[in-house]
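Residues or ranges marked as N-linked glycosylation site by Swiss-Prot on the basis of sequence analysis: 15. Among the features that Swiss-Prot reports, phosphoserine is placed at 416, with the record citing a large-scale study or a structure entry. Taken from Swiss-Prot, the feature topological domain 'Lumenal' applies to 1-21, 76-81, 153-162, 224-237, 360-370, 470-473 (among others), supported by similarity to another entry. Look at Swiss-Prot and you will find 43-56, 99-131, 184-202, 327-338, 392-448, 495-504 tagged as topological domain 'Cytoplasmic', backed by similarity to another entry. Residues annotated as transmembrane segment in Swiss-Prot: 22-42, 57-75, 82-98, 132-152, 163-183, 203-223, 238-258, 261-281, 306-326, 339-359, 371-391, 474-494 (among others).
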């Protein structure tokens with residue numbers, strides 16, 4: 001067996017892990033981000049120096065990226081303990097911040113909480129959405145390289161037919177996260193003009209993805225790089241899936257109201273599942289047109305990638321609806337609490353629906369992107385969003401206690417208007433108003449596509465230079481951390497230099 005065949009076999013015929021374990025793994029970085037905020041506040045209280053871009057980068061990398069690498073590799077069997085540990089650590093930091101509070105030092109806790117709930121917020125963007133996109137991007141980047149090393153648990157890799165692997169969430173989470181900040185969500189007035197102009201711009205935005213998809217295909221075929229055939233097919237890749245999604249969704253949003261995106265998502269998934277169950281569509285995906293697994297012809301060669309696009313369109317529409325809800329103008333802490341509770345209840349309802357669908361209809365299948373897969377992706381995305389929102393609220397409370405606390409990529413606090421004053425008094429320090437958010441989270445959010453491309457390129461280069469199958473645990477851990485450090489540093493420097501590469 002050649003090395004290419006050995007590497008392909010290493011990531012094939014896998015069945016995944018439990019939904020609960022993946023959910024715990026997703027929530028872990030949300031609490032890491034919360035602890036990051038506490039550490040920044042605590043360090044500002046103890047030390048009065050101004051952090052440089054280097055210290056901010058190292059802080060974010062050590063507190064967020066390194067634990068994520070460990071969670072997907074050497075600490076994979078202790079996710080629940082990690083989660084409990086970071087919660088206890090965060091609670092300890094919050095208690096210390098509360099004890100050292102510089103605001104309302106003589107007021108009892110309930111009075112402080114009452115004042116906090118009346119605080120207003122301001123932010124250029126929603127920190128929870130930014131952190132969601134960063135977490136999914138970082139998880140994906142870590143996994144696409146780590147999966148080729150023995151230290152990466154096989155249960156986290158992409159499943160062959162049915163099951164839930166951590167990497168299965170990566171593709172769906174990427175689509176969902178992109179949908180929450182798509183042009184239709186961010187600029188609703190953009191769709192109120194000429195529909196032809198809107199669709200033309202949508203077509204124009206995908207042409208770079210066409211080159212990226214074709215370029216990736218050409219490189220992989222020319223160097224004989226290992227491929228997982230049943231993932232997308234012979235020629236298809238994730239770039240082509242994104243292209244089709246970005247071509248279909250504008251047409252749907254021209255026909256249907258933007259705020260009814262959830263109905264479109266539900267309709268597509270239900271009709272698609274009915275087609276899988278009551279037509280020959282499922283047989284076509286699994287066995288081709290001749291029933292024996294042929295790869296002759298464009299459709300047979302890429303049947304998984306082409307047909308599963310329907311599921312990703314539904315996930316995108318669900319992301320659009322969530323983005324609309326998240327971007328509504330909310331200016332009070334109380335409003336954020338209601339949003340977090342609503343998302344949490346919606347996620348729980350979807351997880352219950354997932355159980356019912358898996359028992360009575362069909363198990364989760366990334367290969368087909370079926371109904372259960374779509375429900376699982378949306379439910380997991382909402383549970384992560386609600387965790388991040390709750391973390392934002394708790395971090396805002398910590399900032400409320402310490403005068404002048406600066407935490408990049410978090411809500412800015414403003415005192416609620418008082419009847420005898422024309423304007424509200426801002427709690428946002430002047431430094432935070434004038435200084436850009438120099439943090440790794442903001443950089444990865446703004447440069448998500450560059451980070452994704454860079455991760456794919458460096459993963460390929462490392463696989464060509466390193467014998468991943470026979471690497472020791474220590475060496476593999478060093479390589480993966482160095483790979484993430486290099487990619488994050490490049491993206492961070494590009495962000496500081498304000499180098500922007502955007503296609504939509």
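Each residue, glycine too, has its Cβ placed from N, Cα and C.
Long-range contacts of the transmembrane segment (22-42) within the same chain, counting only residues at least 6 positions beyond its ends with a Cβ under 8 Å from a Cβ of the stretch, are 59-60, 63-64, 67-68, 71-72, 79-80, 82-83, 86-87, 89-90, 93-94, 96-97, 131, 135, 138-139, 164-166, 169, 380, 383-384, 387-388, 391, 394-395, 398-399, 402, 405-408, 410, 441.
Residue counts for the topological domain 'Lumenal' (1-21) by DSSP state, with H, G and I taken as helix and E and B as strand, are 11 helix, 1 strand, 9 coil. Residues 74, 149-151, 479 of the same chain sit 6 or more residues outside the topological domain 'Lumenal' (470-473) yet have a Cβ under 8 Å from a Cβ within it. Cβ neighbour count for residue 15 (N-linked glycosylation site): 14 (other Cβ atoms within 10 Å of its Cβ, all protein chains included). At the 8 Å Cβ threshold, with sequence separation of at least 6, the transmembrane segment (371-391) lacks contact with the transmembrane segment (203-223), having fewer than 3 such pairs. Model confidence over the topological domain 'Cytoplasmic' (99-131) is summarised by a mean pLDDT of 87. Against the transmembrane segment (163-183), the recorded stretches 238-258, 261-281, 339-359 differ in Cβ pairs under 8 Å, and the greatest number is found for 238-258. Within its own chain, the transmembrane segment (339-359) is flanked in space by residues 19, 325-326, 330, 371-372, 375-376, 378-380, 382-383, 385-386, 389-390, 393, which lie at least six positions past its ends and keep a Cβ under 8 Å from the stretch. Each of 57-75, 203-223, 261-281, 306-326 was scored by its Cβ pairs under 8 Å to the transmembrane segment (132-152), and the highest score goes to 57-75.
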